[in-house]
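Per Swiss-Prot, these features apply:
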- C120, C125, H127, C130: Zn(2+) binding site (BINDING)
- 311-340: repeat 'ANK 3' (REPEAT)
- 344-378: repeat 'ANK 4' (REPEAT)
- 449-467: compositional bias 'Basic residues' (COMPBIAS)
Amino acid sequence: MSNTFEESLKSMSLDYLNLLINGQAFSDVTFSVEGRLVHAHRCILAARSLFFRKFFCESDPSQPGAEPANQTGSGARAAAVGGVIPVNSVGYEVFLLLLQFLYSGQVSIVPHKHEPRSNCGDRGCWHTHCTAAVDLSLDILAAARYFGVEQLALLTQKHLTSMVEKASIEDVMKVLIASRKQDMHQLWTTCSYLIAKSGLPQEILAKHLPIELVAKIEELRLKSSMPLRSLMPHHHDLTSTLDLEDQKIRRMRRALDSSDVELVKLMVMGEGLNLDESLALIYAVENCSREVVKALLELGAADVNYPAGPTGKTALHIAAEMVSPDMVAVLLDHHADPNVQTVDGITPLDILRTLTSDFLFKGAIPGLTHIEPNKLRLCLELVQSAALVISREEGNNNSNDNNTMIYPRMKDEHTSGSSLDSRLVYLNLGATNRDIGDDNSNQREGMNLHHHHHDPSTMYHHHHHHF
């Protein structure tokens, strides 16, 4: 009897979902999201979401139970006259996932495995706990709260709670901030514990978290007797040692900001300042000029390939993310490794190729509009050339016959791919977005992928406007 009941519910869920997949079939409301039309049904949306119920009532005061409209924006007016309702508060992918949950009561909030994402440089990633997966879940959480779909919000919180156990500490910090904003106590507890356990000093935490959250993390550490920094040997001297280190780091950064590399040199020689542990090179790449970075490297006290933080990014990873040819060039001149990998196996070349792919096939995406195509092309060529030189040197230095047969093939393949990438970048960077095509088929295609593969398959671009 129970199985029959479950099958009946599943069948009904699929029937409702097919209404959404088929787009215009019996549709009586149309939304415009990121230039694409989404066809839906008022009765289902109103029954499942308090937000939509109020929205449709405000747009049609003659409806039974309609409440007086406090605000009648362009969306409400469009709904009243049967026009297209613009949606600017969420992206197309997240909006479709939200509707999928409203229609069927089920949704997969994990990106499609191996799908290229703008915020994941690993082409073979399964997107189970990477930055792309975390960002999508956070966007769904915000959308669920905005549209009053509490069941989806709770489902997403549960998913994030299990995800952060394997996520990078930077992503855990993002989730912590969101859990505080969305008042998700369980998620807050999990994230704050993970960050406290990480041992990152206040100086690093303050770069990613509001000061009041840093204070709460420190309070949790004191209550739990967690070490503030694993490199500090004496438990009873943690506070004083941290204060001294923080003072050194602040002085060093002020010196770098004023291009006073000589003062940094004196701090290294006289005060024992560790440029790697203080992330001096990372800070200089992010905030200073090429000349300062060059002078800092020429001191000989900083490891150009030092893996910083829990993610293991090097200065070259940061320069690649910034799309700064000047920084990329000066780092490569001082023997930065273009093949060095983060904890997640991502190289600087992976980052640049992912950014290039976004420009080639999707146009300048939101959040990356500051990137100049020519600079991206130059960065890619510089890093590719450096990787090719290393590949050739390894091939020439290898005396094994088998290896000498293998290396040229790798080199040729790499050269071909690099050349093709460069030509495509040169010809196509900065191209406009692809034609949108038929909106109804887009909706059907997007929903079919979610329905059959149980995960999203369209790129989501971050927006922060209002519905």
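From the backbone N, Cα and C atoms, a Cβ is placed for every residue, glycine too.
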Original post:
How would DSSP class C130 (Zn(2+) binding site) in three states?
Top reply: coil
Original post:
Counting all other Cβ atoms within 10 Å across every protein chain shown, which of the binding-site residues C120, H127, C130 scores highest?
Top reply: C130
**OP:** Give the three-state DSSP assignment (helix, strand or coil) for C125 (Zn(2+) binding site).
**Re:** coil
Subject >> Where C120 (Zn(2+) binding site) falls in three-state DSSP terms >> reply: strand
